[in-house]
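Visitor: Pulled these from TrEMBL:
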COMPBIAS  1-10  compositional bias 'Acidic residues'
REGION    1-35  region 'Disordered'
DOMAIN    33-421  domain 'Catalase core'
BINDING   ARG77, ARG117, PHE166, ARG363, TYR367, ARG374  heme binding site
ACT_SITE  HIS80  active site
ACT_SITE  ASN153  active site
Amino acid sequence: MAEIEYEEGLGEGGEVHQQVPTGGPHGSEGHLTTNQGIRISDNQNQLKIGARGPVQLEDFVLREKIFHFDHERIPERIVHARGTAAHGFFETYDSLSDLTKADLFQRAGERTPVFTRFSTVAGGAGSVDTPRDVRGFAVKFYTKEGNWDLVGNNIPVFFIQDAIKFPDLIHAAKMEADRGFPQAATAHDTFWDFISLMPESTHMIMWAMSDRTIPRSLRTMEGFGIHTFRFVNAEGKSTFVKFHWKPKQGLQSTVWDEAVKIAGADPDFQRRDLFEAIQRGEFPEWELGVQAFDQKFADSLPFDVLDATKIIPEEILPVRLIGRMVLDRYPDNFFAETEQVAFCPANIVPGVDFTNDPLLQGRLFSYLDTQKSRLGTANFHQLPINAPKCPVMNFQRDGQMQMNVPKGRANYEPNSLADAGEIGGPRECPMTGFTSFPSPEGGEKLRIRPASFADHYSQARLFFRSLDPAEQAHLASAIVFELSKVSNEAIRTRMLSNLVNVDPALARRAAGGLNMPCPEASAAAPIQDLELSPALRIIRGPLEIHTLKGRSVGILIADGSDGRSIDKLRSAIEKAGGRAVIVAPKVGGATLEDGSVLKADAQLAGAPSVIFDAVALALSDKGCEMLLKEAAAVQFVMDAFGHLKAIGASEGAQPLLKKAGVKPDEGVTGLDNAFVKAAAKRFWDREASVRTLA
Ligand code: HDE
């Protein structure tokens, strides 16, 4: 945009009475107007009598502007309030007509526009990006047959089996009712009180305490539809499906100490990461897959596929990849798009259908209902971000904020007005319209949980025992951390006794970490030892990718650094697909060995190593000596080591390594190719030497 210069007009007494942009009519963006289209002559001063005189109530420019500002905020989402989103497309790999008649899956290579919002669950809209929390993963497909919303999470199971428990769960998880804290944290009494009384939460708790809830980036998480849905093909045949999103960037999480420090260093870390990756043209990509099965297969499983606290291990039923999603455009306006987008699991298209999962069924009511309250009108589907990209025609009328102007007399159906040459309006489509799968239903009307939902521990055990030992230690330590924040000892004990059912050794580790006696198991229920599922691992699992692609390296420099080795390192990092970020004590840069000045991308105090995937110390003897007195520099190195990242160091940087307590291992290298290779991964074996895990 052209810069607008202002010229001050002086009144008779020398007072400033207006400021006039001098760069043409109001820059290249047109005229400033009120909401009624009236051109505004002065956007700097209220209308007054005399330069210092009383303000005039008739100043409609002022009143309208302040009035609109006063009403800028809308209620935040009751859950998933904090989020970020991006536009993109979904591309179908091959025709899926054997499973579904959904139009978007019929033709190989067909692209469907999508809008995807990631979120945390418990914190308010203004909280931070990296608490320990489940992440929402909601995708709106704007298909030719209407909008299909796949409103999922980054964890394939949920805390409860029946929607009627959702308000209790969320009340317990959010800040406590009397004191209004903690914000965006489950480490408090009310959450664990509820959980300890809800054995059905145990499997989800294993996931919530694992590294899944501290993802490094929104780009490095899986997504799941959780419930069992149906696909229905053109012959009317139904197949059960569970949806999975697999990140092409691989799976990656942080370590807990790092997540906590990122929250201070950059509360917007994950939304910034997504935004900047898209700006750089590194478009994040996920593959959509389904686990497809029939009733016979469902009957063969040792649990109920309608129970949202259960998974089907991928080793038992592989995921069939059916397409890919690429996010390639950040919203133009956060409020208009990310805040106003309304996802709803009830938005489905012909070829997709629900099952009787009692959690899903409750969700089908909740979303539309809450969105009426959040967006203020039943017409929120007309907002550009929510509007389908296919025709919408019906006889629903009026309501607040009606944006459309329907034509004709007929606002009812059936009508015969078209016969008389008037506008009759749309008609039903018995052949192509949505029809529900005619599943035979029957039985007594009861408030009851089926016996097939009763096993709350076998899959919790399956999950814990399938993890890599490093992840198991993280999980045990997370439980210790969270329960250490619970002041009521009876709650801790009750939780430990539930954990004995999952794995007695885990319960003992947690009890040891709390320095409490390990109680007896809480349940006598038979617990099955299911076949383990290594596919559930992040660390040393199938989606742990060692790459610099899409990742960043912080290169710390100071006065006297060697420009040539910095250049060499930078191009090697970039060649490997990574991003080199120059960090210096001053953002203006440092004076290099040859006298030239290298500008920094970030100042040391504002760019701690937690925001990078690996760090390099390109320091001369002189620069290093200076940084030994800089706590931020010592912490930079100490944290990179503690967070198990690669550290590449020049000769001159050795004293800084020593001061930061860095012990040599394969992740600590020179500033050479070995570093570029090391920077693509974390060094899990280092962990035992840097912290005590439960
Ligand atoms: Fe949600 N959930 N939820 N949820 N949910 C909402 O809808 C609800 C559940 C999920 O980015 C709300 O518009 C109930 C499971 C995501 O805008 C609300 C139950 C899963 C988002 C609501 C659940 C989710 C929401 C709040 C238990 C994973 C954010 C604001 C039956 C499959 C969507 C809103 C976005 C949002 C209700 C459980 C995912 C209140 C009653 C299970 C990703 O309607």
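Keep in mind that glycine also has a Cβ here, set from the backbone N, Cα and C atoms.
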Visitor: Work out how many Å separate ARG363 (heme binding site) and HIS80 (active site) at their Cα atoms, rounded off.
Guide: 14
Visitor: In Å, how long is the longest CA to CA span across ARG77, ARG117, PHE166, ARG363, TYR367, ARG374, which the record gives as the heme binders?
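Guide: Value for the max Cα separation, rounded to a whole number: 21 Å.
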Visitor: Looking at the binding-site residues ARG77, ARG363, ARG374, which one has the fewest other Cβ atoms within 10 Å of its own Cβ?
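Guide: Comparing Cβ neighbours within 10 Å for the binding-site residues ARG77, ARG363, ARG374, ARG374 has the fewest.
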Visitor: Using C-alpha atoms only, work out the spacing between ARG117 (heme binding site) and HIS80 (active site) and round it to an integer in Å.
Guide: 10
Visitor: Roughly how many Å separate the Cα of ARG374 (heme binding site) from that of HIS80 (active site), to the nearest whole number?
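Guide: That separation, Cα to Cα, works out to 13 Å.
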Visitor: When a 10 Å sphere is centred on the Cβ of ASN153 (active site), how many other Cβ atoms does it contain?
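Guide: Taking every protein chain into account, the count is 24.
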Visitor: Could you round the CA separation between TYR367 (heme binding site) and HIS80 (active site) to a whole angstrom and send it over?
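Guide: About 12 Å separates the two Cα atoms.
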Visitor: Quick one: give me the count of other CB atoms within 10 A of the CB of ARG117 (heme binding site).
Guide: 22
Visitor: Pop the Cα-Cα gap between ASN153 (active site) and ARG77 (heme binding site) into the table, whole Å please.
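Guide: With distance taken Cα to Cα, ASN153 (active site) is 16 Å from ARG77 (heme binding site).
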Visitor: Check the DSSP secondary structure of ARG363 (heme binding site), expressed as helix, strand or coil.
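Guide: It is helical.
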